[in-house]
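Asks: Pasting the feature list from TrEMBL:
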DISULFID  Cys148-Cys169  disulfide bond
TRANSMEM  12-36  transmembrane segment
TRANSMEM  56-76  transmembrane segment
TRANSMEM  83-108  transmembrane segment
TRANSMEM  203-228  transmembrane segment
Amino acid sequence: MAEGCMRGLRYGMVFFNLLFWLGGCGILGVGAWLSVTQGNFATLSSSLPSLSAANLLIAVGTIIMVIGCLGCVGAVKESRPLLLSFFIMLLLIFFLEILSIMLCFVYQDQIDHYTQMDLKRGLQLFGTEGNVGLTNAWMIVQTDFRCCGVTNHTDWFEVYNASRVPDSCCLEYSDNCGLENPGTWWTAPCYERVKDWLQENLVALWLFALCTALTQILGLVFSMTMFCQAI
């Protein structure tokens, strides 16, 4: 009976971590594709230029692959050291996620202020050499969210030292439309637009977070149960 339970646990652990590992491969692949085809795509921060969508996906995918591999090998070999390593790494990530969420709630105003200031500094790099990722990111954000600037379209005036904005701010895109009348530009602030979009999709985000947490808890339970029963 005990042997049958152990076999079932092992198969469940292997299947769970195989899915985990394949998910990591997928995320890593998307990150590598973005890095090759789009450069530093979605790099908006001037103080953290490496914090791009591509780099984040590559880092997350790599971590998931390593953890999934540890779990798979540990389950197949019933290795206590590997199972314990898997448990510790997954538990550490789980606690870091909870801590990050708590800090975001506690320091929300300070984070908002710092983020806006950092994004405004990043505007100064728009269109400059070596900042293709940041330039493309701002063009995509302003076009998709129908907004202009961080807190106001006048943020761009300091960048150009003139009353003009990038063409991606225009209601109807055309070359040099950012030089025309302000009545032809989006006036909504991008920071607020993105925050509103996150608020509108809050339920989906919490569901994703809940599914992620349940998956991690299952992994912790499986690994610790196998660890306790492994010889």
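Residue positions begin at 1 at the first shown residue.
Here the Cβ of each residue, glycine as well, is placed from N, Cα and C on the backbone.
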Asks: Within the chain of Cys169 (disulfide bond), which residues six or more apart in sequence place their C-beta under 8 angstroms from its C-beta?
Replies: Gln142, Cys147, Cys148, Gly149, His153, Trp156, Gly178, Trp185, Trp186
Asks: How many other Cβ atoms sit within 10 Å of the Cβ of Cys148 (disulfide bond)?
Replies: 27
